[in-house]
Amino acid sequence: MKIGIFSNKGTASTRVSNALKSKILDEHLTLDNDHPDIVITVGGDGTLLSAFHHYEDQLDSVRFVGIHTGHLGFYTDWRDYEVDELIDSLAHDNGQSVSYPLLDISIEYSNGDQQTMLALNESTIKKVTGTMLANVYIKDQLFELFRGDGLCVSTPTGSTAYNKSTGGAVISSELNVVQVSEIASINNRVFRTLGSPVIISPHEWVRVEPVQLDENLMTCDQKMVENRQIKSVTYRISNRRIAFAQYRHTQFWKRVSESFIGVKPIDQI
Ligand code: NAP
Ligand code: MN
């Protein structure tokens, strides 16, 4: 089995990835960052996002495993002190995996150029100065004329990231849906948006057509999309997915509860 290691540059992560490398070689597993079967990320969720984009063209053959060296991560199941246990799981790997939906982004620029992108967390379209004015379609139905900072379109696993800050719902990673949430919409007698997040099915899509073509900023996960005149952006659930090697099962709702609430039984308060 070929293993790739994708680490951030922090001291703790460098120490962990060095330990990983020597243990992988001890176990007669192969290190291969170019065409790995498994990519181990060392860092935080941001590191996993970068690794996802680095291996975006190999999603059909790659499974990810995340080690976190910081606080509890969403895509990172393993702690830095569990390296031995992880190596043991890798040595006994039988291909077990769990996969999650991705967001397909199709951009049409005003000069007719087209570009497609894939997001693991979300894509946003927003205006930095002034407000963004955009026609929002669901399928071919004009749904609303949006005015505000922008829109955030997220996957279920991305629902705990930017989406949550905008008041979006946390979505079970078992659902194959995409959520659209508003970023500071203006609602008055003149401008009216739905005002609540919308969740669409795999058979539906959302198209955003900015009314003013200039200065609309688009993001795809941690990346900024090249600043060009955007005519429309269409969002739908991708037919590609991200796979994680599943050596143990961290319950999604346990992770949400521990990360955001840290709830304790009443006798421990
Ligand atoms: P960052 O500024 O370090 O990320 C912001 C925080 O989001 C970090 O604590 C990061 O965890 C966490 N995070 C990333 N993906 C998550 C997920 N799926 N569920 C819960 N938390 C998550 O930048 P980054 O590490 O490159 O991450 C990029 C992401 O930041 C974007 O995809 C977007 O979701 C998020 N973001 C959020 C806001 C906001 O909430 N207002 C604004 C911009 C971007 P780690 O510390 O483990 O990396
Ligand atoms: Mn980060």
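Every residue, even glycine, has its Cβ placed from backbone N, Cα and C.
Where the annotation comes from TrEMBL, it is an automatic prediction and has not been curated.
The candidate list Ala19, Ala184 contains one residue that TrEMBL assigns to the NAD(+) site with Asp45, Gly46, Asn121, Glu122, Arg147, Asp149, Thr160, Ala161, Tyr162, Asn163, Lys164, Ser165, namely Ala184. Screening the recorded positions Asp45, Arg147, Lys164, Ala184 for a C-beta under 6 A from any atom of ligand 1 leaves Asp45.
Recorded residues Arg147 (NAD(+) binding site) and Asp45 (active site, proton acceptor) have their alpha carbons 31 Å apart, per Cα-Cα distance. Per the record's binding annotation for NAD(+), residues Asp45, Gly46, Asn121, Glu122, Arg147, Asp149, Thr160, Ala161, Tyr162, Asn163, Lys164, Ser165, Ala184 show a top Cα-Cα distance of 31 Å. Looking only at other Cβ atoms within 10 Å, the busiest spot among the binding-site residues Arg147, Lys164 turns out to be Arg147. In three-state terms derived from DSSP, Arg147 (NAD(+) binding site) belongs to an extended strand segment.
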